[in-house]
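K.L.:
Could you have a look at this structure, given as structure tokens, before my questions?
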Amino acid sequence: MDSIDRLKTYLATYDNLDSALQDANESEERREDKYLQDLFIEDQGDKPTPSYYQEEESSDSDTDYNAEHLTMLSPDERIDKWEEDLPELEKIDDDIPVTFSDWTQPVMKENGGEKSLSLFPPVGLTKVQTDQWRKTIEAVCESSKYWNLSECQIMNSEDRLILKGRIMTPDCSSSIKSQNSIQSSESLSSSHSPGPAPKSRNQLGLWDSKSTEVQLISKRAGVKDMMVKLTDFFGSEEEYYSVCPEGAPDLMGAIIMGLKHKKLFNQARMKYRI
């Protein structure tokens, strides 16, 4: 009989087996209770740190600082001492002067009735900085669609230049005056003269499409495309022709007229490809 069989035979004939198992269970329960109690003890006194923790802490380069010395200093002195011990490379110098030793001013040239303006970025810019400089120039040129740059006022701020000017609005007064003069001439003519000329086929066709939606494509991240129609800007056919009697070349042109009529064109140009 091997050792396993002998052990089974012994346990089967052991009189105190039940008592031994009960003692083992009670011992296990006491151990678990003590473990749970230790988890909620807040003040356990000054217990020595296990050696494996000490070894791990001593290997960390961040703990090389003399902590005992810091406890003897006031809070302000601790901060000053800590800053003195920082590596020089970690200190940030905000007073570094930035100058461009080599810079070419803009040059305006005229050739055969055409003008050209050459703009030169400061020498030494990184690729990212050069792109930022270029986008700034493009933004200034883009703004000329909304106002007359030559009339803008340039204001110096602490960290920027501010351009201020009057927003350009669509001028339909010439068309209205032209129509009024035609109507006045017709009223002075003989009674047999025909009435006002009917609207062109194109104009009638555009208003017939007053409920047709046109998609404005977004050109900014985070801005969704927008669907608009003529009735979003004009309450009636009369209002449409009172804004610009000559009409528009196409439906998108009429939408643009509506945006200008509601003074929304400048905002739309910043967000959508118009």
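Glycine is no exception: its Cβ is also placed from the backbone N, Cα and C atoms.
According to Swiss-Prot, the record shows the following:
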type	residues	note
MOD_RES	Tyr14	phosphotyrosine
MOD_RES	Ser59	phosphoserine
MOD_RES	Ser61	phosphoserine
REGION	166-202	region 'Hinge'
MOD_RES	Ser236	phosphoserine
MOD_RES	Ser242	phosphoserine
REGION	254-274	region 'Interaction with the Nucleoprotein-RNA and template-binding'
SITE	Lys260	site 'Interaction with the Nucleoprotein-RNA'
K.L.:
Using C-alpha atoms only, work out the spacing between Lys260 (site 'Interaction with the Nucleoprotein-RNA') and Ser236 (phosphoserine) and round it to an integer in Å.
P.N.:
16
K.L.:
Over the region 'Hinge' (166-202), what is the model's mean pLDDT?
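P.N.:
Overall, the region 'Hinge' (166-202) comes to a mean pLDDT of 50.
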K.L.:
To the nearest whole angstrom, state the Cα distance for the pair Ser236 (phosphoserine) and Ser242 (phosphoserine).
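P.N.:
Each residue's Cα considered, Ser236 (phosphoserine) and Ser242 (phosphoserine) end up 10 Å apart.
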K.L.:
Quick one: of Ser236, Ser242, which of the modified residues has the smallest count of other CB atoms within 10 A?
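P.N.:
Result for the modified residues Ser236, Ser242: minimum number of other Cβ atoms within 10 Å at Ser236.
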K.L.:
Looking only at Cβ atoms, how many others are within 10 Å of the one on Lys260 (site 'Interaction with the Nucleoprotein-RNA')?
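P.N.:
Excluding its own Cβ, Lys260 (site 'Interaction with the Nucleoprotein-RNA') sees 20 Cβ atoms within 10 Å.
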K.L.:
What does DSSP give as the helix, strand and coil breakdown of the region 'Interaction with the Nucleoprotein-RNA and template-binding' (254-274)?
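P.N.:
With helix first, then strand, then coil, the region 'Interaction with the Nucleoprotein-RNA and template-binding' (254-274) has 15 helix, 1 strand, 5 coil.
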K.L.:
May I ask you to report the DSSP-based helix, strand or coil state of Ser236 (phosphoserine)?
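P.N.:
SS state of Ser236 (phosphoserine) = coil.
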